[in-house]
Amino acid sequence: MSRPILVFDSGIGGLSVLAEIRKSLPHSDYCYLFDNARLPYGELEEQVLIAGCVALVCDLVARTNAMIVVVACNTASTVVLPALRANLSIPVVGVVPAIKPAAQMSKSKRIGLLATPGTVKRHYTHELISQFADDCHVELFGCSELVMMAEQKIATGEMDMHRLADLLAPVVAAQLDVLVLGCTHFPMIQAELQQVLGAGVTLMDSGAAIAKRVVTLLTQQNLIVEQRRVTNEREALGQSVMQAFYTKAEISEGLTTTLIDCGFSTIERITTTN
């Protein structure tokens with residue numbers, strides 16, 4: 001196994017980001033770490049979140065010799081990123097809600113941000129809106145329940161569309177033409193969201209932008225050279241190595257099946273004391 005790209009989230013949402021990165025670097029090795037024992041992150045105190053994430057990620061970086069960390073979680077990106085960068089010597093990439101491209105795309109200049117309550121209320125989010133969407137009317141919608149609905153869909157294949165419609169009623173009423181998916185879990189239920197909101201609302205997430213940033217940083221660190229070598233070897237030998245790590249006591253059969261379908265050959269529980 002070559003030095004992997006480590007993608008980190010509280011749950012399965014980061015798989016949407018991982019999929020975008022793999023489009024750009026299909027032959028790289030990947031580790032996916034999801035801290036599902038402490039899901040959802042938006043309900044944790046900040047210092048508890050920081051301490052747990054730093055310990056968990058730094059331990060796995062040391063174990064796997066990862067060359068870059070992608071924090072594929074909006075809540076962790078706004079809270080934990082500085083501490084991770086202070087404790088790691090490798091690049092750390094975070095998630096930024098796609099406020100800027102949403103404002104540029106909107107014709108009506110009525111856009112929305114659908115995220116967890118923590119992301120919605122943070123000063124960083126409001127700075128993004130002031131900087132990049134000052135010519136737009138921006139509606140903010142905070143909902144943790146959607147995170148658990150996405151997790152439930154992956155675990156069971158089921159989605160309560162009536163409940164989803166109830167949760168999205170304020171979004172429908174706002175008459176937006178662009179909605180930013182400000183949580184990496186939400187692209188996992190994008191089809192269902194689109195069904196409720198209708199074709200008149202464009203959904204935007206940050207996955208492609210994160211993938212582009214990863215490629216840029218690997219190039220700047222001269223690690224893209226290693227990736228080109230790995231790519232040549234993998235084209236000759238076959239599939240890249242995919243490892244998944246989780247923190248909960250156990251995971252559902254449905255989630256295990258999803259991870260296998262995504263290409264993970266190793267699915268392992270790791271323990272955390274935080």
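Keep in mind that glycine also has a Cβ here, set from the backbone N, Cα and C atoms.
Predicted, not measured: the structure shown is a model, and the values here were computed from it.
Annotated in Swiss-Prot:
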- Cys73: active site, proton donor/acceptor (ACT_SITE)
- Cys183: active site, proton donor/acceptor (ACT_SITE)
- Asp9, Ser10, Tyr41, Gly42, Asn74, Thr75, Thr184, His185: substrate binding site (BINDING)
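Counting every protein chain shown, the Cβ of Thr75 (substrate binding site) has 29 other Cβ atoms within 10 Å. The CA atom of Asn74 (substrate binding site) is located 6 Å away from the CA atom of Cys183 (active site, proton donor/acceptor). Taken over all pairs of the listed substrate-binding residues (Asp9, Ser10, Tyr41, Gly42, Asn74, Thr75, Thr184, His185), the Cα spread reaches a maximum of 13 Å, rounded to the nearest whole number. Rounded to a whole number, the distance between the Cα atoms of Cys73 (active site, proton donor/acceptor) and Cys183 (active site, proton donor/acceptor) is 7 Å. Listed in chain order, the residues near the substrate site other than Asp9, Ser10, Tyr41, Gly42, Asn74, Thr75, Thr184, His185 are Gly11, Gly13, Pro40, Cys73, Ala76, Thr116, Val147, Cys183, each with its Cβ within 8 Å of the site Cβ centroid. Cys73 (active site, proton donor/acceptor) and Asp9 (substrate binding site) have their C-alpha atoms 5 Å apart, to the nearest angstrom.
For Asp9 (substrate binding site), the same-chain residues 6+ apart in sequence whose C-beta sits under 8 angstroms from its C-beta are Leu15, Val17, Tyr32, Leu33, Phe34, Asp35, Val71, Ala72, Cys73, Ala76, Thr184. Around Gly42 (substrate binding site), taking its Cβ as the centre, 24 other Cβ atoms fall within 10 Å, counting all chains.
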